[in-house]
Amino acid sequence: MSVVLSHCSDSADCAQKYVVKNYFYYYLFKFSSALGEEIFYITFLPFTYWNINHDVSRRLIMMWCIVMYIGQVTKDILKWPRPHSPPVVKLEVRADYGMPSTHAMAATSISFTFCIATINQNKYSLVLGLMAAFVFSTLVCLSRLYTGMHTVLDVIGGTLISAALIILTYPAWDIVDRLMLTSPFCPILSIVVPLLLCYNYPKLEDYSPTRADTTTVLGAGAGATIGFWLNNLYEAPYYPNESLHLSLHPISEMMMVVLAKFLVGIFILLVTRYFIKGLALRVLCSRYQVSLNDLKVRRRLEIEVPYKFITYSSVGFSATVLVPLVHELLGLI
């Protein structure tokens with residue numbers, strides 16, 4: 001894979017220099033590792049809402065929030081360190097703990113939940129769906145070993161936890177989905193419960209990005225859930241479930257519509273994130289009379305949690321409410 005030219009004098013994470021010997025594996029696993037990042041799911045999950053199926057999207061977001069919260073909290077309770085470097089060559093720098101691998105958890109839960117949720121709605125065999133889910137999750141898991149970020153035990157632990165969560169929650173998927181759409185308490189619970197979980201996140205002696213990552217995930221899920229509830233209440237623009245069936249439209253036309261939806265949607269989400277993040281930080285820093293540019297200040301509980309939650313709940317809400325309205329306006333639905 002690579003040869004280390006220099007390394008740190010201690011076991012702390014640091015930037016390393018290395019020589020790539022096999023570029024195929026290097027780019028394959030770097031790309032596969034990116035498929036497990038929060039930013040990928042924040043773009044992929046809206047894509048499923050805009051182009052595939054609302055029911056599938058809701059189940060994916062529900063499982064994503066559950067596995068990411070449990071995975072991040074488990075990391076900070078166990079406090080198992082990541083692989084030491086040297087001897088491991090680390091292609092990324094992370095300041096959090098290793099067990100379990102949340103990349104493995106997210107990849108396993110998202111891929112197999114997608115397979116289970118779509119198997120009765122699309123014309124493909126269960127075996128094909130399971131094979132695709134297995135390949136996706138395996139690539140992400142192997143990428144975490146290749147990049148030196150996890151041990152084999154971290155990856156296996158994350159995979160098994162996700163598998164157990166899918167098995168345990170599957171019987172309740174339809175019940176939770178119905179409550180998510182029809183319960184009058186849904187909006188308030190979607191805000192209160194995630195905020196309670198974020199404010200009561202396990203405290204660590206040294207700063208870790210896991211609380212911020214968890215707030216990002218739960219915030220995006222909260223905003224999307226409120227959007228689902230409002231769309232159901234007011235019968236907002238609805239994407240046809242069959243929009244991706246190849247037999248209904250010429251492939252070229254279908255791909256152009258899918259691409260247009262995606263680009264328009266991502267542009268709106270990026271603009272929303274930019275303006276809401278800036279506004280939230282300015283208001284909070286003004287409230288606590290601290291510097292906006294001080295990174296340590298932005299990591300304080302009273303600033304980090306609300307600004308992350310407000311920013312990404314706005315992103316989730318825009319993905320499920322604002323973007324469909326723009327798509328309808330542009331004639332993409």
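The backbone N, Cα and C atoms fix where each Cβ goes, and this holds for glycine too.
TrEMBL assigns the feature transmembrane segment to one of the listed ranges (88-108, 214-234, 277-297), namely 214-234. Using a cut-off of 8 Å between Cβ atoms, the transmembrane segment (27-49) and the transmembrane segment (254-276) share at least three residue pairs, counting only pairs 6 or more apart in sequence. Tertiary proximity for the transmembrane segment (152-173) is limited to same-chain residues at least six positions away from its ends with a CB under 8 Å from its CB atoms, namely 59, 62-63, 66-67, 70-71, 74, 80, 82, 98-106, 108-109, 112-113, 116-117, 137, 141, 144-145. Among residues of the same chain six or more beyond the transmembrane segment (214-234), those with a C-beta under 8 A of the stretch's C-beta atoms are 38, 42, 45, 49, 54, 58, 61-62, 64-65, 68-69, 72-73, 180-183, 186-187, 190-191, 194, 197-198, 201, 304-305, 308-321, 324.
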